[in-house]
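As structure tokens, the structure follows; a few thoughts come after it.
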Amino acid sequence: MATIYIDNKPYEVKAGKNLLEACLSLGLDLPYFCYHPAMGSIGACRQCAVKVYRDENDTKGKLFMSCMEQVRDNMRVSIADMEAREFRAHVIGWLMTNHPHDCAVCDEGGSCHLQDMTVMTGHNYRAYRFDKRTYINQYLGPFLNHEMNRCIQCYRCVRYYKDYAGGKDLDVFAAHNHLYFGRAEDGVLESEFSGNLAEVCPTGVFTDKTLKQHYTRKWDLTMAPSVCHHCSVGCNTIAGERYGTLRNITNRYNGEVNGYFLCDRGRFGYEFVNSAARVRKPLVRSQLPEASDKYTALKAASSAIKAGRVIGIGSPRASLESNYVLKKLVGEDNFHHGVSDVDHDLVEMALHILKEGSARTPSLQEVEKADSVFILGEDLTNTAPMLALAVRQSVRQQPLLEQVSKANIPVWQDAAVRELVQTEKGPLFIAHYTTSKLDELATQTYFDTPDAIARLGFAVANFIHPDSPEVHGLTEEELGLAQQIANALLAAHNPLVISGTSSGNERILKAAANIANALAAREKSAVISLVVPECNSMGLAMLGGHKLESAFEAVLNGYADTVIILENDLYRRASAATVTEFLDSCKQILVLDHLHHATTEKANILLPAAPFSEADGTLVNNEGRAQRFFQVYPTPEEIQESWHWLAELGTIMADEQISNWQGYDDLVKSMAEEIPALRGVKKNAPSSDFRVAGQRIPRAPHRFSGRTAMHAGFNVSEPKPPTDPDSPLSYTMEGYRGQPPSSMIPFFWAPGWNSVQATNKYQQEVGGHLKGGDPGVRLIEPAGTAAYSLAVPQKFVPLGGHLYMLPLHHIFGSEELSNQSPPIMGRIPAPYVAINTADAIRMKLDEGDLLSFSIEGQAYQLPVKTSHTIPSGTAGLPNGLPGVPFAELPAWAILNRDIKWKQQPQTTF
Amino acid sequence: MFSLLRSMWLTFLHAFHKRETILYPEEKPILPIRWRGRIVLTRDPDGGERCVACNLCAAACPVDCIALQATEDETGRRYPDFFRINFSRCIFCGYCEDACPTYAIQLIPDFEMGEYNRQHLVYEKKDLLINSEGKYPGYNYYKVAGMAIGGKGKGEAENEAPPVDIKSLIP
Ligand code: SF4
Ligand code: SF4
Ligand code: SF4
Ligand code: SF4
Ligand code: FES
């Protein structure tokens, strides 16, 4: 700690910080542009000037850029000094000489850092009367809009895009006062994290193009804290609504999870909520017209359930609550997981590893701090994008710890640090069967079959601790690599092992667990992060339930005849033939979902389930962190959460426990009491009767406009504002004006800070945890009871006339819901099958030629993409891509030609 | 006593003054141009819609009786998709006019808006948009703003230099 005097008042601040950080953490208003808590300072904008005095006798002082000055004990500073203030106003004045007269038509307006800072410095009138510089904009793809005239040359965009996120195709061009921030030519921005530019850029140069389609000012949005539903990482988001449609997704800072950023799937995948394919009315297919109201549907559903022998199929993309109520309704024995059997086993195993192993699972924040990483069988950029971004930061850890601290440079001195570190990177090893965007950072990559990856993993574990089983028959090269990885992990302070379910191989998971446990046995503070398929896969596993296969058997054997399918398209979970046979054998099919798909087509009764933005619920992410998401806007009574529908059915059926629930809180309480693993869920967010000073937390900012006109076109008598029985949030602007508890922040705003930079005011210290602790409750802590797995696999042997089909994942295309968002649709690759280049030559196939094969009776004919890394005798099939029918992968694909594979030597690059 | 008589005298004199009240509605009052009456949306000198759907009027409105939605034509020109004023709520404070950066929304000297049915006091864009520049002739926001729209490219607004050649290094 250090004491500094700001305008003659003493303050205690953390030593080692820069002055700007310190001032902002103290809650003082000091304008700035180029500094960003996640990226440090470079002193480019000259906006953050303060006076620094030599000692108490110095009355003149000197102007310093506060973001470039380290705090020292007894430092004397002035923010209010006249000269400093004038300097800051002038800097804005200069930045504004070329700024267009655009605020009225600028999408940033109302949440613009430049507007805020201009007001803060008091630069009111334009004094410059000469011509303004102009630029031609670029087309940057379906996600971002470009308006270069508004740029103030702060360099945040390129620092974020290139330095932080590793993008290659955004840069600064030209020179002196002609700087141009964009691509070398028009085209789609390649980075999977490009959307963050809209928040990183303090002006309206980069703005959200999807928001532009239905533009709404930030002050006009009704917002609620939400959690991304598009992968297992569970990033925190803010979802905004106006006039009954969802308008945008922005980042919700969580110091433990996503920090300041989101991936593009999470940011732009929301539009499925507004899709024409939404189920908006209950359908009862035994009557005409099919569309009915809530009560008819409930009656039909309850009599169907009463008449039949019922089983339930849960879903990894539905909330814990919905799955739990379904399980209650149908009974423990009749509750099945709506996931493929491979996924079921793998997630179960992942949960087992996290629960019984000796290494804990890290938050993304901890991943960034890891100084040695080994990734087994995951293409993170496509399966858990934000985890990939965190790994990108982790390779900087070792140089930061070693060189930078030795050179006595503070870590926030970004330019100096990058200059010193150059391309130096900490150890990162990747073993996979396909290339990934992180390969460029890797110390070593190893491309081979899943079994070979597992063998390498087991070998590493064995080198770390001899109790882990030995692997026989490895090549010299592989042994050398295993030794190298083991050494790197052992040498690190915070070694990290990453694996997951996406390659469909349980032995890889076991190998990863062995490595983590071996490290723990050597008394290393090792952590293990396992990627699971969907946003609530982990929660579903913790809830427990049977396999999908047994659901099929139950109906086909006549044990059950009625099925309730929760938020699930079974055609994405099992082969089409099996699902059709199953559904055709059911007497009654009850489906709850948001979008129409192949399974809802077969439903006898279809109930419109609320998607994430219209629902309350809890998800458990891959870290085992339970996170609450809140309903953003009220819906018509026919659209409600699945748990709501099911609880109402339970009440009609006079289920003893369900009919006693008075609301959401009782449901959560009952779940937490019944399932010990989920006990923490109760503490996730305050209960619905929570009030601050007797008031609810408003979802709308106090400047929210149009309340007495928005419904007037329909009826001039204003309806009573809707109330929310499930949470302490109100749907209007009325309520408590101060900062709510961290788990319920509907938007970031502070007086004078309308942009997202207001996040500063909600943090304990800038870039740190939120006041009151970051939201979410960790449910899993390792017990340390697991023994080493002995299941070392044999070497993979190719099969003549067959290809071993491995799953490939795409950030845009592999996830069901985001696939229905038009901006994402524009980025989904065409269906293909990836095969080894040498195999392609042997089969006389060129890139783009059609390859026919069948998996478990399902025929495929797909254009070939050749790959150097897919091992010979195997092939890659994109998972979940539109136009690629489901197959449970990995699996043997039968080729309709006779081909012998040559055993390939392993390739190490 | 004297003051009482004086007051009576003065009051009596008023009987011979010119009358301030007029026989409305037979006779129409003459209102100053800045009178704050019925709200209209005006057009720019080229006949285009002036309103750029910036939402500032709606935010300024103390009774929140303006609701609109922005949209864009294919050239990038922004305009309101719908624009609604609920005059049964409007207090004719004129804040919307003050807030408007484009002179689009203006209060005019017309107050004859009485209706038997309150619903008829809800005006949509077709009821608000007039074929005139109103009180502030000559101003055309898009001629000043930096956005390119149909008929006006980059660098063609007032006080704008032609677009930068980013391949040039010459100062
Ligand atoms: S970037 Fe900000 S200041 Fe510039 S035109 Fe847009 S809203 Fe206005
Ligand atoms: S585009 Fe935005 S982030 Fe980049 S330099 Fe300009 S103002 Fe800064
Ligand atoms: S990483 Fe996953 S959870 Fe995070 S924003 Fe992307 S899709 Fe959503
Ligand atoms: S302030 Fe003017 S330009 Fe903006 S929305 Fe209102 S009428 Fe339109
Ligand atoms: S924030 Fe300090 S110079 Fe830009």
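Using the three backbone atoms N, Cα and C, a Cβ is placed for every residue, glycine included.
Curation does not apply to TrEMBL; its annotations are automatic.
Bear in mind that the values here come from a model prediction, so they are computed numbers and not experimental data.
Cross-referencing B:C54, B:C61 with the [4Fe-4S] cluster 2 binding residues that TrEMBL gives (B:C90, B:C93, B:C96) picks out B:C61. Listed as Cβ neighbours of the domain '4Fe-4S ferredoxin-type' (B:39-71) (distance under 8 Å, sequence separation of 6 or more from its ends, same chain) are residues 77-87, 89-91, 93, 95-108, 123, 125, 128-134, 136-142. Here the C-alpha separation of B:C54 ([4Fe-4S] cluster 1 binding site) and B:C61 ([4Fe-4S] cluster 2 binding site) works out to 13 Å. Chain A lies within reach of none of the binding-site residues B:C51, B:C90, B:C93, B:C100 when a CB-CB distance under 8 A is required. Of the recorded residues, B:C51 ([4Fe-4S] cluster 1 binding site) and B:C96 ([4Fe-4S] cluster 2 binding site) place their C-alpha atoms 12 Å from one another.
Taking the mean position of the Cβ atoms of B:C61, B:C90, B:C93, B:C96 as the [4Fe-4S] cluster 2 site, the remaining residues of that chain whose Cβ falls within 8 Å of it are B:I39, B:C57, B:A60, B:P62, B:V63, B:C65, B:I66, B:I91, B:F92, B:G94, B:Y95. Neighbour counts were taken as the number of other C-beta atoms within 10 angstroms of each residue's C-beta; across the binding-site residues B:C57, B:C61, B:C93, B:C96, B:C100, the minimum falls on B:C93. Rounded to the nearest whole angstrom, the C-alpha distance between B:C100 ([4Fe-4S] cluster 1 binding site) and B:C61 ([4Fe-4S] cluster 2 binding site) is 11. Each of the binding-site residues B:C51, B:C54, B:C90 was scored by the number of other CB atoms within 10 A of its CB, and the lowest score belongs to B:C90.
Closeness to ligand 4 is met by B:C51, B:C54, B:C57, B:C100, these being the binding-site residues among B:C51, B:C54, B:C57, B:C90, B:C100 whose Cβ falls under 6 Å from the molecule. If you measure from the Cα atom of B:C96 ([4Fe-4S] cluster 2 binding site) to that of B:C57 ([4Fe-4S] cluster 1 binding site), you get 4 Å.
Between B:C93 ([4Fe-4S] cluster 2 binding site) and B:C57 ([4Fe-4S] cluster 1 binding site), the C-alpha separation comes to 12 Å.
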